[in-house]
Amino acid sequence: MLDNIRAGAKGRGSCPAGTNNRDLSFDFAKGILITLVIIGHLLQYLIYQGTDAFWLSPYFKSIYMFHMPLFMAISGYLSSGAILRKSFTQGVGERAMQLLLPMLFWCTLIWTLKSAVIFPMKSLTDTLLDLSTEVIGTYWFIWAAFISFILIRVLTTFNRLSIWIISASAIAVAFAPITLSITPLLKYTYPFYCLGFLFAQPIGWQNGVIWRYKWIFVVLLSIAAFICFLGWGKETYAYNNLVLIHDEQSAKQVFLMFSGSLAASAVAMQSMFQCWRLVYSTRVARFVAVQLGQSTLLLYLVQGAVFRLMDLIQFGEVWNLTTRITFATVLGVAIVVIAMAIRSIARNLGYVSRIVVGAPPRPSLLKSQSVIN
């Protein structure tokens with residue numbers, strides 16, 4: 001989701017000139033996933049606002065079963081090059097500049113806007129607590145991706161044993177009895193980051209077994225995902241079970257969560273690849289891949305800010321279901337339009353682009369600045 005690294009996989013779609021052989025099939029998948037993130041939050045914060053009914057919504061469930069795990073798996077896959085080729089200091093430093101710097105900017109913006117409209121003014125302690133909540137909680141996925149990157153980078157120092165150690169770490173982290181802050185969400189997504197990273201390695205078993213019987217696996221995983229979907233409930237979400245096993249029932253929910261997410265993610269990824277093969281030449285597919293898929297960090301930051309500020313709006317009874325759906329549609333489109341406008345403007349403002357968007361300025365702008373200097 002949050003990586004601008006070229007994918008190593010080939011043959012899933014054509015790449016136009018000037019893209020440096022970037023595999024747009026992954027960008028297409030990321031574009032669809034960030035759209036699902038926005039839709040999922042629209043369901044939670046608008047359609048079902050004020051109730052807990054969204055936990056049982058089949059639409060919410062079908063999205064949350066796989067969208068963040070798959071995002072994390074793609075991030076691990078695309079981060080493989082940076083993890084293996086760059087030094088620890090360089091890799092972590094670049095990832096911090098790419099992820100944490102724009103996140104801090106947007107968290108500060110959210111906190112400033114909320115503080116400006118909330119009266120009376122809070123104490124300094126409450127103010128700092130609110131700021132820390134924005135920094136850690138609002139964009140938890142960024143922290144999960146950043147921490148996962150660091151963990152994998154450290155574990156790769158074990159050379160030949162690193163694959164086995166990374167696999168063991170996925171299990172150890174997933175079942176660690178820790179529930180502090182966003183730790184449950186890290187425990188939930190880290191194994192998928194590891195899986196994505198391992199799939200990027202030239203181990204040989206992917207081509208030998210999985211790809212040879214791909215469609216058999218797809219059918220079996222589709223059946224498994226459907227069964228898990230039927231059993232998925234409120235306590236199956238990592239937000240509620242905290243990925244913590246303390247009795248037989250909690251073990252069942254955690255196992256169902258990981259099994260359902262794994263099966264649904266695999267089926268969804270294969271479906272997106274097949275869809276890309278069929279429609280990659282269309283304008284809609286190119287928009288999803290190039291405009292949305294290559295702007296997922298900015299879209300995630302913008303939608304996070306919008307939905308955090310939605311806490312300031314109270315919907316009355318006049319907001320019936322039809323009105324909410326209409327407003328949600330308009331807001332979803334507005335988020336995309338605003339993000340695209342910010343991207344277009346910020347990329348022309350030099351290093352402001354790194355602070356706001358998390359991406360370098362346009363190459364032409366960098367060249368002109370170097371000539372001036």
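Even glycines carry a Cβ here, placed using N, Cα and C.
A quick note: this is a predicted structure, and the numbers were derived from the prediction, not measured.
Annotated in Swiss-Prot:
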{"type": "TRANSMEM", "residues": "27-47", "note": "transmembrane segment"}
{"type": "TRANSMEM", "residues": "62-82", "note": "transmembrane segment"}
{"type": "TRANSMEM", "residues": "98-118", "note": "transmembrane segment"}
{"type": "TRANSMEM", "residues": "140-160", "note": "transmembrane segment"}
{"type": "TRANSMEM", "residues": "164-184", "note": "transmembrane segment"}
{"type": "TRANSMEM", "residues": "212-232", "note": "transmembrane segment"}
{"type": "TRANSMEM", "residues": "253-273", "note": "transmembrane segment"}
{"type": "TRANSMEM", "residues": "286-306", "note": "transmembrane segment"}
{"type": "TRANSMEM", "residues": "324-344", "note": "transmembrane segment"}
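Sequence-distant residue pairs (6 or more apart) of the transmembrane segment (212-232) and the transmembrane segment (253-273) include at least 3 whose Cβ atoms are under 8 Å, placing the two stretches in contact. Beyond the ends of the transmembrane segment (286-306), by six or more residues, the same chain brings 1-2, 4, 24-35, 37-38, 41, 98-99, 102-103, 106, 109-110, 138-139, 141-142, 276, 280, 331, 335-336, 338-340, 342-343, 357-359 to within a C-beta distance below 8 angstroms of the stretch. Outside the transmembrane segment (62-82), and at least 6 residues removed from its termini, the chain residues within Cβ reach (under 8 Å) are 1-3, 5-8, 26, 29-30, 33, 36-37, 39-40, 43, 91, 94-95, 141, 144-145, 148-149, 152, 188-190, 192-197, 199-201, 225, 228-229, 232, 237, 260-262, 264-265, 268-269. The largest share of C-beta pairs under 8 angstroms with the transmembrane segment (27-47) comes from 324-344, of the ranges 98-118, 140-160, 253-273, 324-344.
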